[in-house]
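Copied over from Swiss-Prot:
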ACT_SITE  Glu542  active site
BINDING   Val283, Thr325, Gly326, Lys327, Thr328, Leu329  ATP binding site
BINDING   His541, His545, Asp619  Zn(2+) binding site
COMPBIAS  41-52  compositional bias 'Basic and acidic residues'
REGION    31-54  region 'Disordered'
TRANSMEM  238-258  transmembrane segment
Amino acid sequence: MFSLSSTVQPQVTVPLSHLINAFHSPKNISVSVNTSASPKQHRDTVAEHEAPSSEPVLNLRDLGLSELKIGQIDKLVENLLPGFYKDKRVSSCWHTSHISAQSFFENKYGHLDMFSTLRSSSLYRQHPKTLQSICSDLQNFPVFIQSRGFKTLKSRTRRLQSTSERLAEAQNIAPSFVKGFLLRDRGTDLESLDKLMKTKNIPEAHQDAFKTGFAEGFLKAQALTQKTNDSLRRTRLILFVLLLFGIYGLLKNPFLSVRFRTTTGLDSAVDPVQMKNVTFEHVKGVEEAKQELQEVVEFLKNPQKFTVLGGKLPKGILLVGPPGTGKTLLARAVAGEADVPFYYASGSEFDEMFVGVGASRIRNLFREAKANAPCVIFIDELDSVGGKRIEFPMHPYSRQTIIQLLAEMDGFKPNEGVIIIGATNFPEALDNALIRPGRFDMQVTVPRPDVKGRTEILKWYLNKIKFDKSVDPEIIARGTVGFSGAELENLVNQAALKAAVDGKEMVTMKELEFSKDKILMGPERRSVEIDNKNKTITAYHESGHAIIAYYTKDAMPINKATIMPRGPTLGHVSLLPENDRWNEIRAQLLAQMDVSMGGRVAEELIFGTDHITTGASSDFDNATKIAKRMVTKFGMSEKLGVMTYSDTGKLSPETQSAIEQEIRILLRESYERAKHILKTHAKEHKNLAEALLTYETLDAKEIQIVLEGKKLEVR
């Protein structure tokens, strides 16, 4: 028993045990209040176990001490029971705390580390790095705050609530693209049906009807959703099937499969092409070659006609000729006439960097062809794959491709019904085993077209454009000696482009002549500004060529002379033969040399030896080539006789010296003949040069008028 005095209440006498029980009651109430008030203590919850007590519980109200504050009770208890809390805290070896301190040292010992305090002072302070500052800012984000506690049912409930609260707080600091990731598993809070009816104040009499309507609407919505899902599923299935059919169609298309189809290993995809739109009617100017290939077409159409008599058609046909004469077009026409599959391959497509790729592609090509026999295999630029085999240690595997080609064409296994057509510009470079009978045992020459062939080709291409009725293809054909079919096609196309640029509705002879001059002499360069001195030198230089060509008996006729810069030259004189030349006589070769010398001779006679130019370099090259061929190839030297000297590097020094001496004699004699002609016709030379300075370009008729001493009409 003890007495307690206070200014507020009169003196009251209570037992000590009652006072202690009353003291514990408000302490527990205050702790629970403080725990619910602090959000941090929500995260650090500890399981509370309350043991049942049989003793009656007294509170301050029963004792008449309800007006005392908790702080006053703590102070009174500490004064009455000194060392109560201190002894209780010291008796335990652990310091329990629900909230973590700033450091592990403070959590363990209960006070700060002096060394850490000094280090955090201004004397030891360092500027934080960028990455360190970012990490320190991130650790304060709610999403990174750790939550520790015992895994009890109550703590689990509170942890789930705190997690949802942190996610809600994270929405304000997280970027927009992270919010969906953070909240992807958060479901929508659904309100129960009973709670909804209570909120809407629906009477109990109408609640059954409300539930029935809600159920019917839910079932209808489910049916509609199921129908929509089924429709989407069917649509996706249809699109997938269409995609598969599209890919299959691309792979089977003969024109697109080469690009889109891939094969296993290193073999390339091989697909035939039907040439139904190309026949022999499209081939002009090579009548003899077409007749040779008619036998192949007949065999492909009617093979029994030949097998009954015991005859066999050639397995391979070799087309030989200069570029642009129509070798590829002939091969396509053969396949088109016979209406059989056509396999095209270039000689450079077989070999690559990997060993054995060429032979593998040859096998693949012939395997596909045999499966689709009868058919035609056309190998363009055959010399690229079928060249002569030589001993070369750097590439010992380069001969595998040609050996495989030889075996496929005439090996142990026959290839009935497969016709191989090869095309090359250099038949002398092919291997001898490739062109023997049984492989390429038929050789067809495809030459440049003659006047008749050029006329047919020009008519064929002119019918594809709009041209004037005054256009005469024979005149253009006579002026395009040596042109191939491809060059004639280019001539007509250039004329059509010129007419379109000039705004004309159809092509006339003027555009065709312009196109011919552009091909023979090069395009005009009208923007080049040449001073009068160089223009005068060019006029006399070109006039010298024209005078020699006009007054030399066996020289080719003049087609046109111009001092307009064309291509790399400042002027040009075009010469064209009247008819096709199948052979050239010695006098014609000497005349060509004389015409080449005319430019330099004119410069020397008019301006002196100190003012000759470098413009005659190409003329000297042409004259030297003609003289060298006359001596070493044509046997036109009296001293060396009828003997050819193909490899001058293997000749003796005396023979080489004799060849050079003969070439030098021919060139000197040609130079003297040109000088004699220009001295004899000095007046005509001057008149022609002045006419070129006035008109810049003169054709054959205008040159003849000037040399006859007549005046030209004003243009």
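Placement of Cβ uses the backbone N, Cα and C atoms for every residue, glycine included.
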Cβ-centroid neighbours of Zn(2+) site His541, His545, Asp619, 8 Å, sequence order: Glu542, Gly544, Val573, Ser596, Gly598, Gly599, Arg600, Ala602, Gly615, Ala616
Check: same-chain CB within 8 A of ATP site center, minus Val283, Thr325, Gly326, Lys327, Thr328, Leu329: Val286, Leu319, Leu330, Ala331, Val446, Gly485
Fewest other Cβ within 10 angstroms of its own Cβ, chosen from the binding-site residues Thr325, Thr328: Thr328
By Cα-Cα distance, the member of recorded positions His541, Glu542, His545, Asp619 nearest Leu329 (ATP binding site): Asp619
List of residues, in chain order, with Cβ under 8 A from that of Val283 (ATP binding site) and at least 6 apart: Ala289, Lys290, Gly326, Leu329, Leu330, Ala333
Fewest-neighbour residue among recorded positions, criterion Cβ within 10 Å, set Glu542, Asp619: Asp619
Inter-residue Cα distance where the pair is Glu542 (active site) and Asp619 (Zn(2+) binding site), in Å: 11
Nearest of the binding-site residues (Thr325, Lys327, Thr328) to His545 (Zn(2+) binding site), judged by Cα-Cα distance: Thr325
Neighbourhood of Lys327 (ATP binding site), C-beta criterion under 8 angstroms, separation at least six: Leu319, Gly321, Asp380, Ala423, Val446
Collapsed DSSP category at Gly326 (ATP binding site): coil
Conformational class of Val283 (ATP binding site) under the three-state DSSP mapping: coil
Whole-number Å value of the largest CA-CA distance among Val283, Thr325, Gly326, Lys327, Thr328, Leu329, listed as ATP-binding: 10
